[in-house]
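Comments concern the structure below.
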Amino acid sequence: MFVSLVAGDIIAIVSPSDPLVYCDDLRRGIDYLQRLGFRTELGKHIGSSVPQQRAEDINGFFARGDVRAIFSTQGGNSAEQVLPHCDMDMIEANPKIFMGLSDVTVFLNGINHRTGLVTYHGSNVRLGVNAAPNDYDREELIDRLCRGKTGDIRPYRQRTTIRGGVGRGRLLGGNLRCLLKLVDTEFWPDFIDSILFIESYHITPESCLRYFEVLRARRVFEGLRGCLVGFNYSMQVTHPQMHQMERLLLEFTDGYDFPILKVEDFGHFCPNTVLPVGSVVELDADSGRITIISAVS
């Protein structure tokens, strides 16, 4: 069932990863959502250092019938401490829009795997990471969460074919480092017949290859029908002379034939589309098209 947002709906704001005290970055994000016509409500424990309390906010908002969506304050490095305290049965029985990025990758994939609920990879409310949203951010959010738009995802910048081909599968992924926190837990997704999307914030070629080794050991590459490589801040901006993630992936997966497309449509410190995690998408790396086939699992 697709859950859509309309003006006047309540968007709850929680901290699934690191706690965040109220600050100017968060205030700007809240103001932005309110200018779009939504009401907002902060969780009582967004600044709590206790994982169980941050999970209490999430459980409480999922249980409320008047809350339409739940957005994340920020990422961080502690989502895996909060996720096990969330009530998956209750979340499954009360589907809502759940959105975030970075370390919230843990929640997006974990919730989808356990409940089948499509979650959304999109900007966190704190705007210090993604600065002021531009027209692309706004239109992608409205298209996906308000209109339930399927079909082609518009590109922010030119897309680059790394390995040609066409594939179709369930969309899974997010921040590469954070995704791997789910390994050997009950929340680790099944990547058979999937389209993987990955991005990073602080990463080096060495750590990138180490993460790829984990994916290979888990036989993830064997099930992929395609891969999207998003914006990788530290490699593209701080060290553009480095061998970039998409090229490392191409070389590392020599012998596989799944298509790879480099895009600038999601990541840290960049405009973000809204990607429905768990939905069926088609990737045409030859033409640079990403098409949402279904908005639900």
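Heads up, the Cβ atoms here are built off N, Cα and C, so glycines get one too.
Annotated features, as they stand in TrEMBL:
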type     : residues : note
ACT_SITE : SER102   : active site, nucleophile
ACT_SITE : GLU199   : active site, charge relay system
ACT_SITE : HIS268   : active site, charge relay system
DOMAIN   : 11-122   : domain 'LD-carboxypeptidase N-terminal'
DOMAIN   : 168-283  : domain 'LD-carboxypeptidase C-terminal'
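Across the domain 'LD-carboxypeptidase C-terminal' (168-283), DSSP classifies residues as 38 helix, 41 strand, 37 coil. The DSSP breakdown of the domain 'LD-carboxypeptidase N-terminal' (11-122) into helical (H, G, I), extended (E, B) and coil residues amounts to 52 helix, 21 strand, 39 coil. Per-residue pLDDT, averaged along the domain 'LD-carboxypeptidase N-terminal' (11-122), amounts to 97 for this model. The most densely surrounded of the active-site residues SER102, HIS268 is SER102 (count of other Cβ atoms within 10 A of its Cβ).
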